[in-house]
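Comments concern the structure below.
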């Protein structure tokens, strides 16, 4: 008599999607009614109650165009990463080969990515964004053909483009914001809007990929061709509409001297470097390990339905950011950021403890993404306070380089040589987040009395 093995499938509750969406929508729509009076006076019109309509008309026009291009870049990033490990599996690559490809990409970003930040600071944000779109166009064109989808050059270019994604657009927006002489609070609002739109665009990229996915045997992959088309649109928009203003580091002296003075010799900026590196490493560790962690107990789960909840949680976290800074905020920004780092560190610590209940893991990963959505704009705000804009790209690429060095080591030792367990990698990421939270707490003690003093370096 044969033995029938029943496969148990875990299903996500349908209430998760409307609850997360309603929470994010409420955080955005209710913000103007609970904000200090200065928020309303900065609006374009007294009757405006939307955070999207704050600022002068030229600034609003620029920010809307910027968010449009930034959303296109986020969709392209999402299309290139939506398949994840399945993309390598379809190419016939084993575990060791996948780890070797990913480790090579991390090594390339470690060296070339650090130089890209310095080059971005020297050439200006407009040229850096144009170079980013050219890399995205090259990746989309190469991966459009199934025979080149898993080529080494495609993975290397894609990793380099992803490493430039944050600092290129953030530097471009900050430079244009200062050029127009807008209030600093409008810049801080734009930081959380960037994270919010990025998460929303990543959700859209999931749906676009599902609609355009076709049979690999046809030899031409529509999702990557669409990403290449988005790259052309973004490239043309920047060349036509972005101002050709270049802010060289020579304004504050030679780049090397300025970088050593404002990054290596400033303990506040070094703390931000460590904090950025820790959150980037934990996000990469999550991307590699979340799927095998959820299905580790042998049950099946529809991962494609779970991942949108993580992105929705990230949207909620970014929409919660403006509620925790300003004159009416319950905590100082450093205090709120410390709490977020400690919370996300504890969440990953529980996951690293080898907890296997899928429902609990999903909740912990949602907490992780909600904290990430809050941490990213908070770090951007602190970078604006403590770092000259002329060094922003170099500082961010340096912090990403530290994270990629750790990623390279763990990919080689954990996935390739199989000497390190997945729980150890998550535990290391949790420790890094907790240490970063402690460093952010120390940063509050080093903060000067006024924001104006901290920004004038």
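Yeah, the Cβs are placed from backbone N, Cα and C, and that goes for glycine too.
Just so you know, TrEMBL annotations are computer predictions that nobody has curated.
Owing to the predicted nature of the structure, the values given are computational and were not obtained by experimental measurement.
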Exercise. From 201-219, 220-238, which range did TrEMBL mark with transmembrane segment?
Worked result: 220-238
Exercise. In the same chain, who gets a Cβ under 8 Å from the transmembrane segment (361-382) while lying at least 6 residues past its ends?
Worked result: 12, 20, 170, 188, 191-192, 194-196, 199, 272, 275-276, 279, 282-283, 286, 290, 293-294, 306, 309-311, 313-321, 324-325, 333-334, 336-337, 340-341, 343-344, 347-348, 350-351, 355, 443
Exercise. Do the transmembrane segment (269-290) and the transmembrane segment (394-412) come close, with at least three CB pairs under 8 A (pairs 6 or more apart in sequence)?
Worked result: yes
Exercise. Considering only Cβ pairs under 8 Å, which range in 152-174, 220-238, 302-325, 394-412, 424-443 makes the most contacts with the transmembrane segment (65-83)?
Worked result: 220-238
Exercise. Out of 220-238, 302-325, 337-355, 394-412, 424-443, which stretch has the largest tally of CB pairs under 8 angstroms to the transmembrane segment (15-34)?
Worked result: 302-325
Problem set entry | Leading stretch by Cβ pairs under 8 Å, where the reference is the transmembrane segment (337-355) and the options are 220-238, 394-412, 424-443 | 424-443
Problem set entry | Residue numbers, six or more beyond the limits of the transmembrane segment (220-238), whose CB comes under 8 Å of its CB atoms | 65, 68-69, 72-73, 75-76, 79-80, 82, 126, 129-130, 133-134, 136-137, 139-141, 143-146, 149, 208-209, 212-214
